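Novice: So TrEMBL lists the following for this protein:
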type	residues	note
BINDING	91, 92, 262	beta-D-galactose binding site
ACT_SITE	188	active site, proton donor
ACT_SITE	327	active site, proton acceptor
């Protein structure tokens, strides 16, 4: 299976612009096309999604995910997690410390006093081995050696991207280890349903719904306080659809601590590990809708609170709050909160999770 050429793809990205060699591994651009005329583009550097081409209410295609149009800009991005895979541990670990099998582990401090998204060089900054199985399926593999970024155990991870004819982007993760370790993988897609532009429009008028009765409060360094709080009567109640901007500047200490929304929601689940509805995002202008389904217990809502207008694909610019992220995951700092769902992976176990992003238009 050869990569789709730039003359055949819809996103206008060129394979040659994503081809280089890093640490002896080749990077490239991979195009997934379904049978209804839509397309996703992914690079094996960090598993970054650099295009999702889906139609609006008039059938007009636009790219609804933020990214870059060449490999050097992906590497040097002001937002290093821009629509990439995240690991070994997504979100934060307090002071970069945790205990496992009687030993204290120390991770890089790269976000205030804490470790964020796996350390200085997480899965977002690694070249993955790639195999495009067919027009709609891409398999990425990466072996994280023992001690990488301070984590225990060798971790072997496979991520499968698939894009079906219902415009569902499925991301499946599978990992094994040779020594007890911790793991919390996710995808950090920065979604802009109106389509990226110069400037990309705000997400504050987009309608958001999250299937969660509870969320996880944080301190002023974005570490969980240990409480799991009921959303009712707070800016975090998205059980009924509302504009993201409705309460994003509320006089609330949690909004202040996150500089907007940067919080993990505890998803309502009938059964642990079931693939179930997590969130829905609607753009009232284009009438594009994205639904999120996941097997994970939580989803981090991040409203792009720190962007400064940096440049992305084809001259697009990304101002503050021009994207929204739904990072399906276990809870932040779980190794230091024993009553949170476990993130420990043992040698006789396989880590598995699946998240689906479904795109359609409002009738």
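Just so it is clear, glycine is given a Cβ too, placed from its N, Cα and C backbone atoms.
TrEMBL does not curate its annotations; it predicts them automatically.
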Novice: For the recorded positions listed here, 262, 327, which shows the highest count of neighbouring CB atoms within 10 A?
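Specialist: For the recorded positions 262, 327, the Cβ with the most other Cβ atoms within 10 Å is 327.
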Novice: Using CB atoms and a 10 A radius, I'd like the single residue among the recorded positions 92, 188 with the highest neighbour count.
Specialist: 188
Novice: Hey, what's the Cβ neighbour count for residue 91 (beta-D-galactose binding site) at 10 Å?
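Specialist: I count 28 other Cβ atoms within 10 Å of it.
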Novice: Please report the distance from the Cα of residue 262 (beta-D-galactose binding site) to the Cα of the residue listed as 'active site, proton acceptor', rounded to the nearest angstrom.
Specialist: 10
Novice: Calculate the distance in Å between the alpha carbons (Cα) of the residue listed as 'active site, proton donor' and the residue listed as 'active site, proton acceptor', and round it to a whole number.
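Specialist: Cα of the residue listed as 'active site, proton donor' to Cα of the residue listed as 'active site, proton acceptor' measures 6 Å after rounding.
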Novice: In terms of DSSP three-state secondary structure, what is the assignment for residue 262 (beta-D-galactose binding site)?
Specialist: strand
Novice: At the Cα level, what's the spacing in Å between the residue listed as 'active site, proton acceptor' and residue 92 (beta-D-galactose binding site), rounded?
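Specialist: Computed Cα spacing between the residue listed as 'active site, proton acceptor' and residue 92 (beta-D-galactose binding site) is 13 Å.
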Novice: Under DSSP, is residue 91 (beta-D-galactose binding site) part of a helix or a strand, or is it coil?
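Specialist: The residue in question, residue 91 (beta-D-galactose binding site), is coil (DSSP, three-state).
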Novice: Determine which residues of the same chain, besides 91, 92, 262, have their CB within 8 A of the center of the CB atoms at the recorded beta-D-galactose site, and list them by sequence.
Specialist: 111, 116, 218, 222, 223, 264, 300, 332
Novice: Helix, strand or coil at residue 188 (active site, proton donor), per DSSP?
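Specialist: Coil, per DSSP.
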Novice: Measure between the Cα atoms of every pair in 91, 92, 262, the residues the record assigns to beta-D-galactose, and report the largest value in Å, rounded to a whole number.
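Specialist: The widest Cα-Cα gap among those binding residues is 11 Å.
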